[in-house]
Amino acid sequence: MDPKDRKKIQFSVPAPPSQLDPRQVEMIRRRRPTPALLFRVSEHSSPEEESSPHQRTSGEGHHPKSKRPNPCAYTPPSLKAVQRIAESHLQTISNLSENQASEEEDELGELRELGYPQEDDEEDEDEDEEEDEEEDSQAEVLKGSRGTAGQKLTSGQGLEGPWERPPPLDEPQRDGNSEDQGEGRATQSEPGEEPRHPTPPESGT
């Protein structure tokens, strides 16, 4: 086949308009404008775009601007706008923190007016009472221990009461048999052996 025949075959495909809705055709035309429409749009473009002519030449590859502005189109903010937005965000954050602090102070003030802080006072009083009770219990324990010690002493005194302690060896014995007891001890110890408990000379003899 000749190249001419190929071209004829490519361009001889008819697109019957009866199958397409005219509204759809308009939408397609708006989405993909013709080069003539691109040229018209570039003529009526803003002065900022006129300052850069290379955008006109490369406008065919990019999405062209239609005559009717798209309300959903996103325009990126400038640096100043971004700075303003950041400052406003920082201000709102600081205001929120201040408002929270003021609200907490107001709530505390309202609680104090209503008498809720008395709970803290009551807790302090309870703690003081618990400390006093602990001190009292410790004092009672000490008193009890002292009382038991006194009872032990008194019981010891009671036990020692009927039993008379033997007088020291240095002092003379009250009984008249002291001399006899001393002689008996001397006789019990043999003359060759030393007495286990040597008796010092009594002052009575």
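Cβ atoms here come from the backbone N, Cα and C positions, even for glycine.
The annotation N-acetylmethionine is assigned in Swiss-Prot to MET1.
Summarising the annotation, Swiss-Prot assigns region 'Disordered' to 1-205.
Swiss-Prot lists THR34 (among others) with the feature phosphothreonine, giving similarity to another entry as the kind of evidence.
Per Swiss-Prot, compositional bias 'Basic and acidic residues' is recorded for 41-63 (among others).
Residues or ranges marked as phosphoserine by Swiss-Prot on the basis of a large-scale study or a structure entry: SER45 (among others).
Per Swiss-Prot, the feature phosphoserine maps to SER46 (among others); the stated evidence is a large-scale study or a structure entry.
Residues or ranges marked as phosphothreonine by Swiss-Prot on the basis of similarity to another entry: THR75 (among others). Its Cβ taken as reference, THR75 (phosphothreonine) is surrounded by 6 other Cβ atoms within 10 Å in the chains shown.
Taken from Swiss-Prot, the feature compositional bias 'Polar residues' applies to 89-100.
Among the features that Swiss-Prot reports, phosphoserine is placed at SER102 (among others). Secondary structure from DSSP puts SER102 (phosphoserine) in a helix.
The annotation compositional bias 'Acidic residues' is assigned in Swiss-Prot to 118-138.
Look at Swiss-Prot and you will find SER137 (among others) tagged as phosphoserine, backed by a large-scale study or a structure entry. Sequence-distant contacts of SER137 (phosphoserine), defined by Cβ-Cβ distance under 8 angstroms and a gap of at least six in the same chain, do not exist.
Marked as compositional bias 'Basic and acidic residues' by Swiss-Prot: 167-177 (among others).
Cβ contacts within 10 Å of SER102 (phosphoserine), excluding its own Cβ and spanning all protein chains shown: 10.
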